[in-house]
Amino acid sequence: MSSRSAFLLFCVLALATEESLASVFSSRLIHRFSDEGRASIKTLTSSESLPEKRSSEYYRLLASSDFRRQRMNLGAKFQSLVPSQGSKTISTGNYFGWLHYTWIDIGTPSVSFLVALDSGSDLLWIPCNCVQCAPLTSTYYSSLATKDLNEYNPSRSSTSKVFSCSHKLCESASNCETPRDQCPYTANYASENTSSSGLLVEDILHLAYHTNNRLMNASSSVKARVVVGCGKKQSGEYLNGVAPDGLMGLGLGEISVPSFLSKAGLMRNSFSMCFDEEDSGRIYFGDMGPSMQQSTKFLPLNNEYVAYIVGVEACCIGNSCLKQTSFRTLIDSGQSFTFLPEEIYREVALEIDSHINATIKRVKDGPWDYCYETSVEPNVPAIKLKFSYNNTFVIHKPLFGLEQSEGVVQFCLPINSSGQEGIGSIGQNYMRGYRMVFDRENMKLGWSASKCQEDKIAPPQASPESTSSPYPLPTEEQQSRGHAVSPAIAGQTPSKTSSAAATCSFSSMRLFNSLLLLALLHGLVSNM
């Protein structure tokens, strides 16, 4: 009996399948503003009023919806975002810690800040209601700042909001008395005793779309809500000339600016920084890089992407590759110089030294072992970092020129030992001449040779008068997507991705804290 039932069921299914193959299924399409659509919507939310057909409001809403779809689906793929004052970044070498900076505008009315760019940490913080901050007068920083630096005051910004302890990104919630309290933060960095602490706030970051090497007009300005660290108290190198006006963390953490912009649908989940030989450069949010760029995958740690870490398969000097020189390295724009694993560092330094016909003479109070006093720049081969699939990152000029007193010039190999086996970090000194693409969408690092120039670029126009509504912070659902990790805040163990910003003088320069990086690569420090 059971076999007969099974046979009948099979016949019925076969007939149904044959019929379905010959059938066309249809469904009526209803426009949301049609009479039928209006009736359906009103039964659900009678409190909302819908525009009259063919009225200006009717077409405004349709266009607004189209723009949102373009941002989510098309626009972000072909446009990039830049700070409202333009994409340019600047550096003055030994002043301001050898780092690259850019001007950003925050709040309403907008206030300008000259922030350091750091791919090794997450939080954007600026001096705010200062208890202990660096000097902010332009005369103190005549080499870089042509105008006084600013201090942020959330009470003077009409768009600022308290960032409460109840938010999922407030890692210090356990230290709050009530969920409604304002979330405190403490961001610790690898330089000795260097930190920023204060309260987290939500406010507007002013940006502009950039298409086909041109900034779009003022009406295309973007007001994106981001989380900002109101840095009341800084310590260590942040009081000695490094990042006196704040720091923009560009890491993988959910609290970083790229994470907010991409999750809000304003850009592709990628950004680029370009460093030229003249101490300037560019930053673009949403840039995926050229199709012909070389690339290598980021490496996860314990199945999570927590930092921009890549795997070097071999280190070569010229066309000669050194044996057993594979290592993992952090790509960190917030670090001035480069560190290699101890054994690899020694091999590289000795090989470079063998091509130099000059005596080693260390710079007084300098951090490097291999420096040479010579009137002519030594001709040394390039350092090549080999990656998978024959991708190669070439450091064409390994040496670094230093002008001393009385016209004496010294050339140094600006590399140090990380003090650890198999672990290194590439600083921005060896990113010069490249457009570095941090492709978080595909979890890979891209690079291509570039002079970091923009031809026929329109003068950047800030538009505080723009009436466009600010884009809100990503929702809880949006925050839970992607590879992002939590920030280093609220008195926890220093973030593994926090970078070591070098100081502006050799006498107080701090080397990269390799112990933190070691803990990161072995997953011994909990994700922030």
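Each position is counted from 1, following the chain as shown.
Backbone N, Cα and C atoms are what each Cβ position is placed from, and that goes for glycine too.
Lifted from TrEMBL, the feature list:
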| type | residues | note |
| --- | --- | --- |
| ACT_SITE | Asp118 | active site |
| ACT_SITE | Asp332 | active site |
| DOMAIN | 100-448 | domain 'Peptidase A1' |
| REGION | 456-496 | region 'Disordered' |
| SIGNAL | 1-22 | signal peptide |
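Other Cβ atoms within 10 Å of the Cβ of Asp332 (active site) number 30 in total over all chains. For the domain 'Peptidase A1' (100-448), the model gives a mean pLDDT of 91. Counting Cβ atoms from all protein chains shown, Asp118 (active site) has 29 others lying within 10 Å of its own Cβ. Between the C-alpha atoms of Asp332 (active site) and Asp118 (active site), the distance comes to 7 Å.
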